[in-house]
Amino acid sequence: LAQPVTPDLLVSPSSQDGDLGSECPEDRGNWTGRLDFLLSCIGYCVGLGNVWRFPYRAYTNGGGAFLVPYFIMLAICGIPIFFMELSLGQFSSLGPLAVWKISPLFKGVGMGTILIVSLVAIYYNMIIAYVLFYLFASLTSDLPWQHCGNWWNTDLCLDHHVIRAGNNTLPVNISNTVSPSEEYWSRYVLHIQGSSGIGDPGRIRWNLCLCLLLSWTIVYLCILKGVKSSGKVVYFTATFPYLILVMLLIRGVTLEGAWKGIQFYLTPQFDHLLSSKVWIEAALQIFYSLGVGFGGLLTFASYNTFHQNIYRDTFIVTLGNAITSILAGFAIFSVLGYMSQELGVPVNQVAKAGPGLAFVVYPQAMTMLPLSPFWSFLFFFMLLTLGLDSQFAFMETIVTAVTDEFPYYLRPKKASFSAVICIALFLMGLILTTEGGMYWLVLLDDYSAGFGLMVVVITTCLVVTRVYGMKRFCRDIHMMLGFKPGPYFRACWMVLSPATMMALLVYNIVKYQPSEYGNYHFPTWAEVLGILMGVLSCLMIPMGMVVAVLQEEGTLWERIQQASRPAMDWGPSLEENRTGVYVGSLAGSQSPKPLMVHMRKYGGITSYENTAIEVDREMEEEEDEESM
C-alpha cells in the first residue's frame, strides 16, 4: 500500500524537513563561513589598479588635493551603487542574468555584463601570467634585468651602476638610453621586436603561453567547487597582500630619498580642483576600483543568507578599498623617491602607471636594493594574490550567471562547465601570448570595459529606481535587513549617481583619444574593432528587449508593459523569506504562510518576522488607499 502523504503545513515541528531546515538553496551552494563573503568582496575590489593606477592618478591630478574629489565621488557614486548591487543579489539569490526577473524587458543588461566580464577575464589573466613570469625570474641570486650585456640588450642599454659611477666623475647623458629592466620587459618577455604592429602578431612565446596555462589552472582549481572553494582561498589571497604591502611600505620609507617621492605624491595642488578632468578621473578611479557593473558583487551577494548585514559590509569594503589605495601610494612613491635620488633625475621622470610601473619601473628599483631578488619576489607575489581574487570573481560571475539560467542541466555539472569556460577563455587569450600580444592587450584594456560598462550601470540604476520603483526596492531592503535605506541612498539612486555616470559617459565620448602603446599608434581597423567591442555590450540591451517583447502577447504597448513588470517568481528564493506580494508565488509553492515556517524553525517570532508583519501591513494600507 502507498504511504499517505502529509501536507506541508501539517508536518509536526519535530519533523526534519530538508527544504525548511536550510537557510540557502542547497543545490546552488552558499558561503560556508561568516567572513567568506566579506573577504571575497575585499579581494575582488582591491586589485592591481589600487597599486598601479591610483598612486599615478593622484600625483597627476593634484597630489593630496585629489583625495577631496576622490572621497566625494566615493560617497556619490561608489557606496550607493555598491549597496544597490549587493541588495539585488542577496534579495533574489540569483546571478547577473537571472536577476533580471525584476524586469525581463531589460535582461539584455545582464547579457551585456557577461560579455564585458568575459573580455576582461581574457586579458586580466594574461597580466597574471606576466606576474608569474617575473615571479619565477626572481628565483635567482642576480635578477636578469639588473645589468646590460645580455643577448636581448641593445647599444642603448645603460644600467644605474654606471650612472652612479658617472655622478662622481663626468655627468652621463641618459636622455637617449634605455634601462635594462625596460629592455628585459619589451625585448625578452614580450619580444615585441618580432611584431610590426597589431596586424602582425608574430609567433607564440611559449614561456608566456605556459604561464597563461598555469594561471588558468590555478583559477580553475580555486573555483572548482564554486564559492565553497574560492571562499576559503580568499582567506589567504585577500589578507596576505596587506602583509606584503606593509613590509614594502616599511622598507620604502626607510630608504634614502623616500620622503622626496612621498612629498611628490601628496603635496596638495588645490588649483587642480577647478578642473573638470580631476573630478572625472576621481569618479573613474572609484568606478573601476570598486568593480561595480561587472556582476561580481551581485554574484557574491547572491550566495549570502537572506538577512546578512550587507549595509555594514558595504562601508567596510568601500572604505577599506580607498585606504588600501592610499597606502599603496606610499609604498610605491617612497621607492620611486629613492630611485630618483639614485639616478639623479626628478621623480616625475621615473613615475609611470599601469604595466610600465609593475614590469619596468618597480623591478628596476628593486635592483638598487640589497637582497633585491627577495624584494622582487615579494612584490610580484603581492601582485599575484591581488590579481587572482579579482579573477575568481570574474569567473564566478560567468559560471553563476549561466548555471542560474539552466539550473537543471548545468548545476549538477558545475565543475565540468567551469572547466569548459576556462579552456575556451584560455584559447581566446592565446593571441595575447604572441610577440604582438601586448597590442591586443592594450586594445582589450581600453575598450572592453569602457563606455559599455557605464551604459550597463546607468541602465541598472534607472530600471531599479524608475521601472521597478524606488518605493518597492526600499521595501525589499526593509524586508531583508529590517530597516529602509535613508534619504542619502535614495537621493543618490534617484538623481546623483545616474547623473554623475552620465557625465562620465559624455566626457569619455567627447574626450575620446585613439589607443596607443608607447610610440605605436593603432590602425583605423583596430580602433573600429575596439569601438565595436564596447558597442556590442550596449546592443545587448535592445536585443534583449526585442526577445522579451516577442515572448509576450497583446498589442505592442501591452507587451512592453507586461515585459517590464517583475516575473511571477521574482522575490526571495526561499519560501520562508517571502511575505506580502511574494507569498505563494514560487513555482510549486504549497504554503501560503511562510511565517509558520519561521515559527516552526525558531520556536517564536524574531525581529525579522516583526519586519515582515510591518511590511505586509504597509502594503495592505497602500492597497486600501488606492482602492478608495
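Heads up, the Cβ atoms here are built off N, Cα and C, so glycines get one too.
No curator has checked TrEMBL annotations; they are predicted automatically.
Taking the Cβ of ASN50 (Na(+) binding site) as reference, residues of its chain lying under 8 Å away and at least six apart in sequence are, in sequence order, SER289, ASN321, THR324, SER325, ALA328, LEU386. Look at TrEMBL and you will find GLY43, VAL46, ASN50, SER289, ASN321, LEU386, ASP389, SER390 tagged as Na(+) binding site.
Other Cβ atoms within 10 Å of the Cβ of CYS148 (disulfide bond) number 20 in total over all chains. The annotation disulfide bond is assigned in TrEMBL to CYS148-CYS157.
The region 'Disordered' annotation in TrEMBL covers 1-23.
Feature annotation from TrEMBL assigns transmembrane segment to 37-55 (among others).
TrEMBL lists 67-88 (among others) with the feature transmembrane segment.
Counting residues 6+ beyond its ends, the transmembrane segment (109-136) has Cβ neighbours under 8 Å at 48, 96-100, 189, 207-208, 211-212, 214-216, 219, 293-296, 355, 358-359, 363, 376-377, 380-381, 383-384, 387-388, 390-391, 394-395, 397-398, 401-402, 425-426, 428-429, 432-433, 437, 440-441, 444-445, 448-449, 452-453, 455-456, 459-460, 463, 533, 536-538, 540-541, 543-544 in the same chain. As annotated by TrEMBL, transmembrane segment applies to 109-136 (among others).
Per TrEMBL, transmembrane segment is recorded for 233-250 (among others).
TrEMBL lists 282-303 (among others) with the feature transmembrane segment.
Among the features that TrEMBL reports, transmembrane segment is placed at 315-339 (among others). Panel annotation: around the transmembrane segment (315-339), residues 38, 41-42, 45-46, 50-51, 54-55, 58-59, 67, 70-71, 74, 78-79, 82, 242, 245, 248-249, 252-253, 255-266, 285, 289-290, 347, 350-351, 357, 361-362, 364-365, 368 of the same chain, lying at least six beyond its termini, place a Cβ under 8 Å from a Cβ of the stretch.
Summarising the annotation, TrEMBL assigns transmembrane segment to 374-394 (among others).
Residues 118, 121-123, 125-127, 129, 190-198, 200-205, 208-209, 212-213, 216, 219-220, 223-225, 395, 398-399, 402-403, 517, 520, 522, 526 of the same chain lie 6+ residues outside the transmembrane segment (415-441) yet bring a C-beta within less than 8 angstroms of a C-beta in it. Taken from TrEMBL, the feature transmembrane segment covers 415-441 (among others).
Tertiary neighbourhood of the transmembrane segment (447-468): same-chain residues 81, 84-85, 88, 102-103, 105-106, 109, 112-113, 115-116, 119-120, 123, 287-288, 292-294, 493-494, 497-498, 501-502, 504-505, 508-509, 515, 530-531, 533-538, 541, 564, 566, selected by CB-CB distance under 8 Å and a gap of 6+ residues from either end. Per TrEMBL, the feature transmembrane segment maps to 447-468 (among others).
Residues or ranges marked as transmembrane segment in TrEMBL: 488-510 (among others).
Residues 104-113, 115-116, 119, 443-444, 446-448, 450-453, 455-456, 459, 515, 522, 556, 559-560, 563 of the same chain lie 6+ residues outside the transmembrane segment (530-550) yet bring a C-beta within less than 8 angstroms of a C-beta in it. According to TrEMBL, the feature transmembrane segment maps to 530-550 (among others).
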Na(+) site shell beyond GLY43, VAL46, ASN50, SER289, ASN321, LEU386, ASP389, SER390, criterion: Cβ within 8 Å of Cβ centroid: ILE42, TYR44, CYS45, GLY47, LEU48, GLY49, ALA238, PRO241, THR324
Euclidean distance between Cα atoms of CYS148 (disulfide bond) and GLY43 (Na(+) binding site), Å: 38
Selection from 67-88, 233-250, 282-303, 374-394, the stretch that has most Cβ pairs under 8 A to the transmembrane segment (488-510): 67-88
For the transmembrane segment (233-250): best-contacting stretch of 67-88, 282-303, 374-394, by Cβ pairs under 8 Å: 374-394
SER390 (Na(+) binding site) CB neighbourhood, other CB atoms within 10 A: 23
Which same-chain residues, if any, lie at least 6 apart from ASP389 (Na(+) binding site) yet have Cβ under 8 Å of it: SER40, GLY43, TYR44, GLY47, SER230, VAL233, VAL234, THR237, ALA238
Cβ-based isolation winner (fewest other Cβ atoms within 10 Å) among the recorded positions VAL46, CYS157, LEU386: CYS157
